[in-house]
Amino acid sequence: MTLAPPAISFQDVAQVFATKSGPLTALGGVNLEVAQHEFVAVLGPSGCGKSTLLRLTSGLMMPSAGQITVLGLPVTRPREDVGIVFQQPTLLPWASVEENVVFPVKHTKGRVGPAHRDRAREILETVGLGGFGKRLPGELSGGMQQRVGIARALFLNPDLLMMDEPFSALDALTRDEMGYELLRLWQASPKTVMFITHSIPEAVLLADRVLVMSERPGRVIADLKVPLGRPRSEESLRAPEVQEFAAHLRSLLIKPAKPSPKPEAA
Amino acid sequence: MTAIPDTSDTAPAPSKAAQAGAPQIKPPLRERLIETPALLPGLTFLLVLILWETLTRAFQVPTYVLPPPSRIVEGFGAVSFARWAEHVWSTFRVAMLGYVVAIAVSLPIAIGLAKSRFLTRCLYPLLVVIQSVPVVAVAPIIIVVLGTDDAPRVVITFMISFFPLVVSMTTGLMATPPELIELSRSLNAPAYREFTQIRIPYALPYIFSGLKISITLSVIGAVVAEFVAADAGLGYFIQFSTSMFKLPQAWAGLFLLVALSLLLFQIVTQIQKRLFPWSLPKETR
Ligand SMILES: Nc1ncnc2c1ncn2[C@@H]1O[C@H](COP(=O)(O)OP(=O)(O)O)[C@@H](O)[C@H]1O
Ligand SMILES: [Mg+2]
C-alpha cells in the first residue's frame, strides 16, 4: 500500500481568477495528499475555494501555479476514472432516470448498448431506485434526484469520486439518510472519495480524514483523522471524543475571537 | 442494510378514490366558469360579434368605416373559392419559406453566439442594427434588387421574423446550468454533443417561444411584402379591395389572415406539446 501512488496530490497549488475588480486569489498554496480508497472530507467556509479545489482535481481547470497529480499522473484534462457529483442533481429534465444514468456513455460514445442498460438498472438498484428507471427527474423528490446523480457518477465505476456539497440542498433528515447510504455504497465498492462540505457533522460522520480550509485565499489549515472506526452509527457519533473532535473543528472554522459554543449552523 | 426507498420527502399523493369518498363540495360558480375550456373566450367573441352587428346597424355606420359582420360574411362570396385558395396559398407559401429560412439562419448564428464571446462581440451589434432597420422602408429596395417573384418576399419575411429567433435561441443555449456543461467536459465527449445532447434540448422552451413569436411575424412579413409588390396573396387582396372601396371583402381577407396566423401558431404550439411536453411550464401541459 505504501508503494501505491497517492490518489490525489496537490503541491503548492494556487488558483488566481481574473475578475472585473482585478485578480482574485481563490487558492493560495494548497498542499494535500489523499491515499487510495481513502474518504476525505474538505471542510471550509463558503467561498474559500472548495469547488475550485474539486474542479482542479477533476481536470476541469488548470492551476495557476503548482502541481496536481491523480493516481501518480499529472492532471492535464478530465479523466474517465473520476466521477463527479454536484451540489444540485444536475440531471437532464427530459430524460428518464435510466437515460440520465447511462448519459456518460451516451455522451461519449453516441449510443448505449444493452449491457450498459443492465449496468444502469443494477446501479439504480444499489442506490435504492430500482423500479424508478422510467420516471422523469421532475417526478422524484430532491433526495431521489441526488441519488440519480450519484448513480450516474458511479456508472463508469470510477476510482475517484468527487462530491461537491452533494447533500447540502436536501432537508436534514434526508441528508443523514443519504450519508449512511453513501457509506454503504463506499464500503461495498471501495474508492477514493473527496467530499466537499461545510457541515461539521457530515464531515465527521463520513470521512476518514478532514481537511479544514481557511477563508479565502483558501489553504489547508488542518489535516485531522476522525477518531472513529467503521461502520458508523448514530450512537458512535455520540462518543465524547467524537464530540470533542467536532468542537475542535468548529473552533478552527469559527474565528478564535469568539469561541461561542453555538451549535453548528449548516 | 438494503436499499431503503426514500420516504422522507415524498408525501403520498391522495388517491382519486380517497378524493371521491370525500363529501362533495362544489367550487364556486365563478371558479367553475373559469375552468371550463373555451367557454369564457367563446362567449366573449360571440358578445363582441353581436354588439358589432347591432351597433353598426343601429347607427348606420357606413360600410367603408366598419361593415357589420353579416356584410363581411357576404364579402367572402364576392370572390370564388379557387381565388381565395390561391391568395391563402400564396401568403402561406411566402410566410413558410421565410420562416424556414429564418430558422435555418438563426440556429447556426445562435450556436456561434452561445459558444464564443468573441463572436458575440463582433456579431451582436450588427444584428441589432439589422433588426433596427424598418423593413417596410427597405422593402421597395429589396424588390428592386431581387425582382418580383417569391425571392424578395421571402427575404422580407425572413428579415422580419429572424431576430426574435436568434435572441431566443441564444438565450436558451446560454441558459443551460453550468454544472451540466462541466459534466459534459468531465466526460471528454466530442464538443458537438454538448450542443446536440445538452444545450439544444435545454434551449427548447426558449426556442419554442421564439418560434411562436416568429411564425406570426412571418405572416406579417409576407403581408408587408405583398403590400409592396405582388399579384396574389391576402395582403395584396386586402390592399387591392380597399383601393376599390370593396371594404366587406377586404375585411373578409383580413379575417382569413387572422385565421391563418392563429392556425400556424396553434400548429407550433401543438408540435411543442406533442413532441416536447417537458419543455412547457407545468400547468399548461
Ligand atoms: N471561474 C471563476 N472566475 C472568477 N472567480 C471565480 C471562479 N470560480 C470561483 N471564483 C471565485 O473563487 C472563490 C472560491 O470559489 P469556490 O471554489 O466556488 O468556493 P466554495 O466552493 O468554497 O464556496 C469565490 O470567491 C468565487 O467567487
Ligand atoms: Mg462550492
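Cβ from N, Cα, C; glycine included.
As annotated by TrEMBL, compositional bias 'Polar residues' applies to B:1-10.
Annotated region 'Disordered' per TrEMBL: B:1-23, in sequence order.
Look at TrEMBL and you will find B:11-23 tagged as compositional bias 'Low complexity'.
Note on the transmembrane segment (B:33-52): residues 27, 66, 68-69 of its chain, located 6 or more positions outside it, place their CB under 8 angstroms from a CB of the stretch. Summarising the annotation, TrEMBL assigns transmembrane segment to B:33-52 (among others).
Feature annotation from TrEMBL assigns domain 'ABC transmembrane type-1' to B:88-268.
The annotation transmembrane segment is assigned in TrEMBL to B:94-114 (among others). Packing against the transmembrane segment (B:94-114) from elsewhere in the chain are residues 120, 123-124, 127, 150, 153-158, 160-162, 165-166, 169-170, 172-174, 195, 199, 211, 214-215, 218-219, 221-222, 225-226, 233, 260, 264: each is 6 or more residues past its ends and has a CB under 8 Å from a CB in it.
Summarising the annotation, TrEMBL assigns transmembrane segment to B:126-148 (among others).
The transmembrane segment annotation in TrEMBL covers B:154-175 (among others).
The transmembrane segment annotation in TrEMBL covers B:215-238 (among others).
If you look up TrEMBL, you'll see B:250-268 (among others) marked as transmembrane segment.
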Contact ranking winner - B:126-148, B:154-175, B:250-268 against the transmembrane segment (B:215-238), Cβ under 8 Å:
B:250-268
